[in-house]
Structures are given as C-alpha cells and as structure tokens.
Amino acid sequence: MAELNLSPRVIPDRLQSRGSRALKSWESLLLVVAVLIFAINSFASPYFLDPWNLSDATFNFTEKAMIAFAMALVIIAGEIDLSVASIIALSSTAMGLAVTMGADTPMLVVVGLGTGLLCGAVNGLLITGLGLPSIVVTIGTMSLFRGLSFIILGDQAYTGYPASFAYFGQGYVWWVFSFEFALFAVFAVIYSVLLHKTNFGRAVYAIGNNQTAALFSGVRVGRVKFILFLLTGLMAGIASICLTSRLGSTRPSIALGVELEVVTMVVLGGVSILGGSGTIPGVVLAAFIMGMVTFGFGLLNVPGIVMSIFIGVLLISVIALPILWARARRRVAH
Amino acid sequence: MAKLLKNREILLVLAIIALVFAIALRFPGFVAPANLARVYNDTSILIILALGQMAVILTRCIDLSMAANLALCGMVAAMINAAFPGVPIPLVILAVVALGAALGSINGLLVWKLDIPPIVVTLGTLTIFRGMIFLLTNGAWINAHQMSDAFKALPRAPLIGFPVLSWLSIVAIAAVYILMTRTPVGRAFFAVGGNPHAAVYTGIDVGRTRFLAYCLSGGLAGLAGYLWVSRYAVAYVDIAAGFELDIIAACVIGGISIAGGIGSVGGAVLGSLFLGVIKNALPVINISPFAQLAISGTVIIIAVAVNARTEKRKGRVILKKAEAV
C-alpha cells in the first residue's frame, strides 16, 4: 500500500511532556467516547445496567477482539489478513467433522487450533515465501478456506457437539464473568506485553515503518511476518472454538463478514491502516465501544443490517476525522 | 515465438482453449457454437464489471464495493419498474448507470479528497450500500411478476444472432478499449499506477484520475445491476453477494497487477472468460456447485503467484542485496 505523501513533515521545536501527550492521545479520546456511550446506553434503555445484561453484551465483541489483537500486529507490520472469517468457518467445519468421527472435547480443541494454525501457515508461506501482496493472497484464501467448508458441508450443518464442549462459549469463570471474557482479558495482557515490551514488538513496528531499514538493522522481516500470520490463524482458531461452542452448530456461512468488523475494530483502536503505529490498549477500548454500541442498538430493536451500516460509517469516519482535524489545524496555523 | 509465448493474453487464450478442449474430450456438446455463445452470454456481466475494476486497479486502488453497488442499482431499477411500469427501459438503464457512477464517485471522493486507503473506503461502502438496500425495501423482495415484460425481455432479446446482453458487453469492451488506449484519461490511469510521483510531475492529478476510475467502475456496476436483476428476474438484499471476489479474481487472472500500472482490456476479458468457462463446465463434468468458491480462491492465488514472477524482472536492480528479500 504505497501511498503518496507530498506534504512536508513538521518537526516540533519542543517535545510535549509525557502527561500532556497521554491526555491528547487517541486512546484517551476513545476512553471518553466509551464512557459517553455507556452513559447514553444506560439512559436509553432501563435494561442496560443489569450486570447479567452487561455480561451478555461482552459476547458481542470478545471473539472478534481476540482476532483483532493479532490483526493489530499484522496491520502495524504493514500487511492485512482478510481471511480470518473464513478460517473461523474452516476450523469450525473441521471440528464438526471431528465430532462425526467421535472426537471428545480436548481433541476438538486440538483440531480447532490446528486448523487455525495451518490456515495461518498457508497465508504466511504464500506471503513471505513467495513474496506476494497480502491483500490479494488473503482475498484468495478467504474464498479458498470458506470454499473448502462449502465442499465439506454443502447445505448441511453439524450439530451434536459434546456437552462439555459448551463450556468455552457458554461457561462462566466467576459470577457474571464468562470464560470468553476471561480469555479476552488474558489475551489483552499477553498481546500488550508482546507488542509493547518485547523485541518482537519493536520488530513489528520497525517493519511497518520501513521494511528495508528494518531488514538492514538485522530484523528477520520474513520470519516475523510469518509468525504474525500464524498468530492470526491461531487466534481465528480460538475464536472459532468459542463461537462454535456458543452456537452449538456449524454451517459453512458461519461468521460471514467478520473480517470487516475485526479490521474496523483495529482501525478504530487507532492502528494506522498504512502500518507503523497503534497500540493494544486502543484496540481493547475499540472492542468495548463496538460491543456496547451493537448491544445498545440490539436493546433498542435495531436490525443487524442497520448496525452493519453503522459499522461501515464508523470505519470510514474514524479514519477521515483525524485527517480532517489535522487539515483544519494546519489551516488555523497558517 | 518465444516473445509470443511471454505475452499474457496469448497464454490465457491458450489456457482457455486447452480448458475447453479438455472438457470437450468427454462432453463434445460443450464446444458446440451455440453453447459457447451461451457461455459468453453468461459471462457478459462479469466482463462488464471486470472492465471497471481493471481501471480502478490500474490506478493502485481497489473497489470491493462493486457487487454491493450492483445490488443497490439493480434494486433501484426494479423498484422504478415496479412503481412506474410505463417508464421506458433505456431511461431506467440511464438512471441506474448515473446512480452507480454517483455511488462510485463517493468512493472516489473519499480516496481523492481525504486520502483514505481505498481498501478501507470500499470495505466501508460495501456494507453501507448493502445496508441501504435493506433500508429501501425493509428486506422485501421484488419478484418477476412485479416487473414489466419489457424490463425482463431486453437482455434476452435477440439481435443479429446474439442476445442484447452479449452485445452490451461487446460495446462496453470496445468503449473501455478506446478509453484506455486512445484518450488522455486512459493513459493517465496507467501513469498514475505505474509511478504516482512521476505522474504528478507530468501534470496529472493523481487523486482526480483515481476519482474518474471509481466513477467508471461505479457506472459499469450500475449497468450490470440492471442486467443482473432483469436477467434473473428477482431483486433482493443479497444479490451478487461475494461477487466482488470473482471480479477481482478475473482481473488478477487477466494479468492486471494489484500493484497498479500493468494490465489490459484483453486481459480483463480473458480473465473473466476463464472463470466463466470453469463456472459453466462444473455442472457438465459433474462437480458440485459448492466447489466453485474454493476453485476461484485457488485460481486467484495461482494467478497472483504467476503475476509476481513475471513482474519481478521489471526495472533495474540498483542495490542487489536489498532487492533479494
């Protein structure tokens, strides 16, 4: 995604202090928006503030957010993975197939994770091994993976998952906190550490900012990217286990269009679609915002397709607004 | 001869002939001229769409919203016809082509004026356009009996041996061919995709050129919208869902580089025909239609891998180590 940048780069005379930078950051803006939406929702519907209702609301975003963490890393590294929803479908189909062959719950988890990893490896090999653009490759594997589900399932559906398998999507760890929410929280911490505190995370930023410079600085660009696509596949596999367990059935059209919501979540979280910048706390806040908005709409009986319009508008406007804002500020400065 | 074999279009023609021949070995009826004409007719809509997508991809952009644009324009055409059956069909077509171009111009403006990456813009408008169909209709279908006979008959009407649908795609191919090879706008598409910086210095407005490419793809999607709805005689929210992938697949197979600047009208047409032959052959050779999605996916990946190999030799290598990533 080579973009044209002809505007001069301004280097400030004096750097801002850490406190004022944090206050002006995208994340603090997201926090304000999240609090606002929470407040509006509690006024709009009397059912919103019930702890069990709020717990139900988390199911709207936990699965997508788990993929969004890995996707954030991929996008920061300047690539994209549009095949995640299809990986969910294929991995769910593989688990369904395993059930008909008499697999038990631990085996199902292995099958789900394995399929996800395998799909990620296919993406990674095509992109880093053959040096193909990730957007076309993952558009291709998006049809390939879901196409395989369609070949296996046709117009049928798999049901009859073992009772113990239901825990991943329907179980609660403690009080109103579901297993999915706990998993989401754990992954939020793991990915924050991975991106912000490890060499691997630095390498991801370096690749996204300048791939050639990263290569000359000794970053193994190909290997890092391959691992990123493996991670995305793995997270899609985990999301697939949760979703399949929650729904209790598999159809080839499962999770259709989820890749759009995941990308929206990542971009809303302040990750630049051109790569090189973004944070995991931003993505966590974006997940909460999207989850609460869709849940609030649901309480107000807004149909799903209208919510998808909203997500489309959100996706475009969160990218457009900072650009317009910067332009307005430049005009004021002149 | 060696030069001839390197030519992408000739290779594709050979591949299509080999494919048709392989099918004909077992099912001679497939190569009957009447059947081949039917296959072409069935591929016409894809060809029209691939021409628009080609223009967009040439300028280093992508249009994922074409199928949703098609569905929205098709629905509007059906609604106009259902509400006012007296409106002449050419006027309906003109209206939806204008509507399609207007929807495409939204994509174009966002890419041009706000510098938003094309994939994000069109992913967004893809859901917005589909959602708008739902808002227009509340999810209701428009069925064959609500459409006037003239509305449904036009694409099928025979004209010098071929249906109007086939003729329309031939006219579109000719028009886009002239646009691409004989006009400044066509050259600008190539220039912007080949090297945007150089294009700026030669006085080409990069953003405006991309905007025009999106208007073209939108207008063609509008035309395809009418053709789709009148041909299948039904309009609902999900028509042509996922078809954007087929359009991109046709372009990638036709050798249009996703990195911009490389491609031809012939490539887009042949890429579409390649997919069209496969799609029409599947039921003949008794493969489940459910396999079609996986086959398109595989073909996209193979095609992009082949493209990457042929494109790699372009340009002079200055820093050998840096290029050998």
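Each residue, glycine too, has its Cβ placed from N, Cα and C.
Lifted from TrEMBL, the feature list:
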{"type": "TRANSMEM", "residues": "A:28-49", "note": "transmembrane segment"}
{"type": "TRANSMEM", "residues": "A:107-127", "note": "transmembrane segment"}
{"type": "TRANSMEM", "residues": "A:134-152", "note": "transmembrane segment"}
{"type": "TRANSMEM", "residues": "A:172-194", "note": "transmembrane segment"}
{"type": "TRANSMEM", "residues": "A:226-248", "note": "transmembrane segment"}
{"type": "TRANSMEM", "residues": "A:254-275", "note": "transmembrane segment"}
{"type": "TRANSMEM", "residues": "A:282-299", "note": "transmembrane segment"}
{"type": "TRANSMEM", "residues": "A:305-326", "note": "transmembrane segment"}
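Packing against the transmembrane segment (A:282-299) from elsewhere in the chain are residues 26-27, 30-31, 33-34, 37-38, 40-41, 44-45, 47-48, 56-58, 60-62, 64-65, 68-69, 72, 184, 188, 261, 264-266, 268-271, 306-307, 310-311, 314: each is 6 or more residues past its ends and has a CB under 8 Å from a CB in it. Counting same-chain residues at least six beyond the ends of the transmembrane segment (A:172-194), those with a Cβ under 8 angstroms from any Cβ of the stretch are 51-52, 54-55, 58-59, 62-63, 65-66, 69-70, 72-73, 200-201, 235, 238, 242, 246, 280-281, 284, 287. If you look at the transmembrane segment (A:226-248), the same-chain residues 6 or more away from its ends with a CB under 8 A from one of its CBs are 59, 62-64, 66-67, 69-71, 73-74, 77, 79, 81, 84-85, 87-89, 91-92, 95-96, 108-109, 112-121, 123-125, 127-128, 159, 161, 165-170, 180, 183, 187, 200, 204, 254-255. For the transmembrane segment (A:107-127), the residues of the chain that approach it from at least six positions outside its boundaries are 79, 81, 83, 86-87, 90-92, 94-95, 98-99, 133-134, 137-138, 141, 145, 161-162, 165, 168, 225-238, 240-241, 244, judged by C-beta separation under 8 angstroms. Within the chain carrying the transmembrane segment (A:28-49), a Cβ under 8 angstroms from the stretch's Cβ atoms is held by residues 22, 268-270, 282, 285-286, 288-289, 292-293, 295-296, 299-300, all 6 or more beyond its ends. Outside the transmembrane segment (A:305-326), and at least 6 residues removed from its termini, the chain residues within Cβ reach (under 8 Å) are 26, 257, 260-261, 263-264, 267-268, 273, 290, 293-294, 297-298.
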